[in-house]
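Take a look at this one; I'll ask things after.
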Amino acid sequence: MKIARRVEAIRAAEVGAIAAAPGDALMRRAAAGVARACIEQLGGAYGRRVHLVVGVGDNGGDALYAGVALARRGALVTATLVAGRAHPGALAAYVAAGGRLGLTGRPDLVVDGVVGIGGRPGLRPEAAAAFEQVAGVPIVAVDVPSGVDVDSGETPEIHVDADVTVTFGSLRHAHLVDPAAAACGAVAVVELGVDFPAGDVEALEAEDVRLLLPAPESDDHKYTRGVVGVRAGSVRYPGAAVLAVAGASVGFAGMVRYVGAAGEQVVAAHPEVVGAGKVQAWVVGSGTDADAESHLHAAGGTPIVIDADALVHLPGAAPADAVLTPHAGELATMLGVSRDEIEARPLHHVRQAAEAYDAVVLLKGRRTLIARPDGRVRVNTTGTPWLATAGSGDVLAGLIGSLLATGMSGFDAASVGAWLHGRAAQACGDGPLVAGMLPDAIRAVVEDLFA
Ligand SMILES: NC(=O)C1=CN([C@@H]2O[C@H](COP(=O)(O)OP(=O)(O)OC[C@H]3O[C@@H](n4cnc5c(N)ncnc54)[C@H](O)[C@@H]3O)[C@@H](O)[C@H]2O)[C@@H](O)CC1
Ligand SMILES: [K+]
């Protein structure tokens, strides 16, 4: 599990280690990691031109010590001190190692050491100008891209867009949560040997998913494995029914039931699907059009995935054990704000919705967020831009419903479902895909996990 923590918790955990380490030992260790990332990015150090953009705090200190390490490996290092001063010890070491002040020529790489966890969102004009001078050059950010809001993952002001971000000890929220995560590029964590407390934002990794997934026991039969019921599709959108059922039919639940206007199409595509009866979980809403409200009311009393058209019919609190799966536009309608506001502050809004509806809420996006009413959040890190295609959400809703039917909690079902769905898209390759390809790819991903 990847765990991201709040700045306050990180600072508190590091106090002891900083006090115990002689001189700038911790900063030098952090800087060594930054230098390694630069060398990797450049394919070597000797003769490469690296430019440091340096602020007044320890983040700038890290950048300067990284400059020391790079200069010792033969790189030509220059630095702009955006406030005209910098961490005294690091600056002295930098100058002693042959580092120069001021920009000369076009560098091969820029190191962003303006601000880290001590920064406020935005860049002061001197910092912004320093980056403008080297526009287009790849950037390695120290700790976080300067200017992002570290705890909220928001980017309300101008900020650095990095190719690589090197952080220390623990991930911060900005590394996982968009839009800040998108500004980080690839993220590397340098170990500092510090113990951190639990965090409230996390991301599943393959091993976590494998451990959470249900696998049938030898004495299981179709009913003990769980039955999922799908109420999706309509005369107008029969395809949504077929796709939601396809997502529910990848094989986790022992049986799939379908209730709705597209029964004929569903059975033609999935002959194993049966009609109404007892279920352990419902999936309601994908493509249900005008039937959404009646389906929502008919499907009560079990864990339930509420998707698409059904979302707007929720009164206030959702039914017990509900997983809501809106995209940004749907969440905007539910919360009475604009889509732009949701996209600017997805972590804030997904938590707000989880609390308001007293349900697990999965907000779809490049970095899908899954929130519980108590504020705990999982971020999904799998997927490709090709996944943004019609019907992909229907497959996801069905898949999550089938996991719920096996007895998984809503939070686990939603986050594992999102992980598998995204990994399946990656397995389809870096090219176009249609939603109908996902179920087979999900099966292949699961087979790989258990291999
Ligand atoms: N805490 C630790 O254990 C470690 C911290 N390290 C580094 O130390 C950093 C934190 O250092 P600091 O607490 O000195 O804080 P920063 O270096 O992040 O920021 C320092 C100062 O920058 C100024 N500032 C704030 N917002 C600004 C903005 N938008 N534009 C320009 N200037 C702004 C403020 O005067 C602020 O106090 C971490 O991000 C990390 O890079 C590393 O050396 C590893 C160890
Ligand atoms: K930075």
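Including glycine, each Cβ sits where the backbone N, Cα and C put it.
Automatic prediction, not curation, is the source of TrEMBL annotations.
Sequence annotations record features per position, and here TrEMBL assigns (6S)-NADPHX binding site to 58-62, 116-122, Asp143, Ala240, Gly287, His327, Asp394. If you look up TrEMBL, you'll see Asn59, Asp112, Ser146 marked as K(+) binding site. Residues or ranges marked as AMP binding site in TrEMBL: Lys364, Gly365, Arg366, Arg367, Thr368, Gly393. According to TrEMBL, the domain 'YjeF N-terminal' annotation covers 10-200. The domain 'YjeF C-terminal' annotation in TrEMBL covers 205-449.
Mind running through what each feature is packed against?
In this view, Asp143 ((6S)-NADPHX binding site) is surrounded by 27 other Cβ atoms within 10 Å of its Cβ, with every protein chain counted.
DSSP assigns Asn59 (K(+) binding site) to a helical segment in the three-state reduction. Its own atom aside, the Cβ of Asn59 (K(+) binding site) has 25 Cβ atoms within 10 angstroms in the protein chains shown.
Taking Cβ-Cβ distances under 8 Å and a sequence separation of 6 or more, the neighbours of Lys364 (AMP binding site) in its chain are Thr325, Pro326, His327, Ala328, Gly393, Leu396. In the three-state DSSP classification, Lys364 (AMP binding site) falls within coil.
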Do any of Asn59, Asp112, Arg366, Arg367, Thr368 (binding-site residues) have a CA within 10 A of Asp143 ((6S)-NADPHX binding site), and if so which?
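Those close enough are Asn59, Asp112.
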Measure from each Cβ of the binding-site residues Asp112, Asp143, Lys364, Gly365, Thr368 to the atoms of ligand 2 and list the residues where some distance is under 6 Å.
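Result: Asp112, Asp143.
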How big is the gap, in Å, between the Cα of Asp112 (K(+) binding site) and that of Arg367 (AMP binding site), rounded to a whole number?
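Checking the Cα atoms of Asp112 (K(+) binding site) and Arg367 (AMP binding site) gives a distance of 24 Å.
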I want the residues beyond Asn59, Asp112, Ser146 whose C-beta is within 8 angstroms of the mean position of the K(+) site's C-beta atoms, in chain order.
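What remains near the Cβ centre is Val53, Gly55, Gly60, Ala63, Gly113, Val114, Val115, Gly116, Gly119, Ala141, Val142, Asp143, Val144, Pro145, Val160.
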Sorry to bug you, but what's the C-alpha spacing from Thr368 (AMP binding site) to Arg120 ((6S)-NADPHX binding site), rounded to the closest Å?
26
